[in-house]
Amino acid sequence: MGMERQDKEFECFMEENVSAPMDDERLQRLTEEISLKFFSRPFLHRATFNPRLRTTGGRYLLASGNIEINKKYFDAHGMSELIGIIKHELCHYHLHQTGKGFRHKDKDFKRLIEKVGAPRYCTPLPGQGAAGKPEKIHLYRCSRCGALYRRKRRINTEKFVCGRCLGKLVACRA
């Protein structure tokens, strides 16, 4: 079956299920459907939302074979991001189940991700930097000329001065 046909069949499946609320049961059905459509193999374990996940879109648990998904990514980015995360985790799942290289650095993993169109990384949540923490901007104003400095890291105002007039820097807000 060609990839275009799989995509069209999957779009029909998605259109039928757009209005239903997303819960663990629906996530399980969606994961099973994606597994059959894109991998031609059944998903025989559990897929659940884990509210404790903070900086990752999802994870495949080696010991149990289950998949955990971060619901915040679905809430922030919608169904297409959720499908990408599920595809990514299913790549880990199916490669591990068949005894092939399932880690991010393995060639088998890279090939399968390319084949099924799964993302290598998920889109960052809004208001979070690369490390998953909210981006904090420190503002400093020169007391002499009024120049404004925006920094991601704090500045020791006893040690550093304004680059324009050598005036004293004052923290505006953290």
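Each Cβ is built from the backbone N, Cα and C atoms, and glycine gets one as well.
According to TrEMBL, the protein has these features:
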- E89: active site (ACT_SITE)
- H88, H92: Zn(2+) binding site (BINDING)
- 25-172: domain 'SprT-like' (DOMAIN)
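With helix defined as DSSP H, G or I and strand as E or B, the domain 'SprT-like' (25-172) counts 51 helix, 26 strand, 71 coil. Long-range neighbours of the residue listed as 'active site' (same chain, six or more residues apart, CB within less than 8 Å of its CB): G58, R59, Y60, I67, I69. Taking the Cβ of H88 (Zn(2+) binding site) as centre and 10 Å as the limit, one finds 24 other Cβ atoms among all the protein chains shown. Cβ neighbours within 10 Å of H92 (Zn(2+) binding site), excluding its own Cβ and spanning all shown chains: 22. In the predicted structure, the domain 'SprT-like' (25-172) carries a mean pLDDT of 92.
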